[in-house]
Amino acid sequence: MTQLEEARKGVVTEEMKFIAEREGIDAEKLRRNVAKGYTVIFRNVRHDWVKPVAVGAGVRVKVNANIGTSRDIVDVKAEIEKAKVAVKYGADTIMDLSTGGDLDEIRKTIMHAVDVPVGTVPIYQAAEEMLAKGKAIIEMSEEDMWRAVEKHFKDGVDYTTIHVGVTKEVVEKMKRTKRAVGMVSRGGTFLAAWILHWGEENPFYKDYDYLLELAREYDVVLSLGDGLRPGGLPDAGDELQIAELYTLGRLVRRAREAGVQTMVEGPGHVPIDQIAAQVKLAKVATDNAPFYVLGPIVTDIFPGYDHITAAIGGAIAALNGADFLCYVTPAEHLGLPDVEHVRQGVIAAKIAAHAVNLTRFEADFKKDYLMALARGKLNWARQFELSMDKERFVEIRKERPTKTEACSMCGDLCAIKLINDMLAGERK
């Protein structure tokens with residue numbers, strides 16, 4: 001029985017109790033949101049060692065970090081380090097997007113390296129296995145696709161991106177629609193190309209009920225992928241994106257009827273003034289399903305800094321209802337990220353998430369309140385304790401030392417020290 005089914009029966013599961021205690025929220029309220037499908041819980045029944053995480057209404061905005069090998073760079077040790085660094089700096093979940101090497105072994109190794117939920121995109125494996133055989137991606141059969149999905153579910157992944165909304169109808173529409181960037185979703189493109197080649201319907205859409213059966217068996221959260229998300233600002237909010245969104249909304253309702261947990265993925269690249277409207281539209285179209293966004297990236301002309309462009313968009317999206325932020329690293333659009341890129345990406349996304357969480361949770365705001373008090377007293381030891389990135393705190397303090405109580409920016413001209421000294425004198 002899934003978390004959704006248990007919640008509908010009025011049962012507060014052990015996972016709900018764990019999450020409620022961790023987040024400092026009421027377990028019964030969490031149960032009600034899970035029962036409605038407004039909140040999902042990541043915890044595959046076979047992933048015994050995972051610490052469950054909730055995404056959606058009434059809980060904190062969460063951050064995901066993507067890692068994984070590529071066909072050009074297969075370094076499993078590096079990916080394990082990335083996973084551990086991501087978790088260290090605050091990633092709530094990890095997605096293994098590996099496309100090179102022994103994908104089964106890599107996935108299992110990553111899952112055992114961390115205790116957070118792990119997500120995947122199974123069709124990547126189906127596509128990679130075709131290339132490994134010297135075949136074209138479009139030669140994969142429906143059986144190949146389903147085999148990959150079931151393998152990932154059995155291995156214990158907690159959520160999977162399935163591009164169910166890339167239908168034959170929307171692919172036909174794509175032929176008549178001009179886009180600046182085209183399709184940028186790998187999984188979505190694999191399916192679109194397959195549909196164009198064979199003239200057949202997307203197997204995951206055609207046999208959606210079977211997908212629901214599999215997901216229900218393992219209580220895997222289906223992350224309904226946005227295969228037609230905008231890959232550049234000019235494409236934001238176009239006909240293809242919105243058509244897919246409404247398809248996903250219908251599929252969310254079918255999943256809920258089947259007792260399967262679902263969330264919906266969103267853009268992408270979106271001008272800053274459109275983000276609020278896009279998030280609110282998605283929430284309406286999907287009946288308040290948890291919304292998982294990649295960024296959104298708010299400008300396309302700063303490659304090397306897309307962790308920042310994404311954090312800006314992510315904060316606005318989260319403030320307007322997005323529940324789950326997929327980090328973006330400085331390497332986005334340029335190459336496979338290294339460990340340092342992962343660290344920077346996680347921190348940027350955590351800043352965006354925390355900026356919103358502190359407006360909703362007293363415990364989160366208290367951290368900032370305590371930091372303000374510490375700064376007001378020039379209490380550097382306390383500021384260090386409260387810092388989210390302690391290594392960076394120490395690094396900059398050592399690089400730019402001062403002989404004063406203040407920092408090397410102001411030294412004896414420190415505003416805080418001056419006014420504190422003057423007020424102390426007045427009190428005497």
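Positions of Cβ are set from backbone N, Cα and C atoms, glycine also.
Swiss-Prot has this to say about the protein:
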type: BINDING; residues: Asn66, Met95, Tyr124, His163, Ser185, Arg186, Gly187, Asp226, Gly227, Leu228, Arg229, Glu265, Tyr292; note: substrate binding site
type: BINDING; residues: His269, His333; note: Zn(2+) binding site
type: BINDING; residues: Cys407, Cys410, Cys414; note: [4Fe-4S] cluster binding site
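Location within the structure of each feature annotated in Swiss-Prot.
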residue	record	Cβ contacts under 8 Å, 6 or more apart
Ser185	substrate binding site	His163, Gly225, Asp226, Gly227, Leu228, Arg229
Gly187	substrate binding site	Val121, Ile123, Tyr124, Thr161, Ile162, His163, Gly225, Gly227
His269	Zn(2+) binding site	Val181, Arg229, Pro230, Gly231, Gly232, Leu233, Asp235, Ala236, Gly295, Pro296, Ile297, Val298, Asp300
Tyr292	substrate binding site	Val55, Asn64, Ser223, Met263, Val264, Glu265, Gly266, Ala322, Asp323, Phe324, Cys326
His333	Zn(2+) binding site	Pro303, Asp306
Cys407	[4Fe-4S] cluster binding site	Arg397, Arg400, Cys414
Cys410	[4Fe-4S] cluster binding site	none
Taking 8 Å from the centroid of the Cβ atoms of Cys407, Cys410, Cys414 as the cut-off, which other residues in that chain fall inside it around the [4Fe-4S] cluster site?
Thr402, Thr404, Ala406, Ser408, Met409, Gly411, Leu413, Ala415, Ile416, Lys417
Test of understanding: give the count of other CB atoms lying within 10 angstroms of the CB of Asn66 (substrate binding site).
23
Diameter of the substrate binding set by C-alpha atoms, the set being Asn66, Met95, Tyr124, His163, Ser185, Arg186, Gly187, Asp226, Gly227, Leu228, Arg229, Glu265, Tyr292, in angstrom
20
Of the binding-site residues listed (Tyr124, Gly227, Arg229, Cys414), the greatest number of other CB atoms within 10 A surrounds the CB of Gly227
Can you tell me the three-state DSSP label for Gly187 (substrate binding site)?
helix
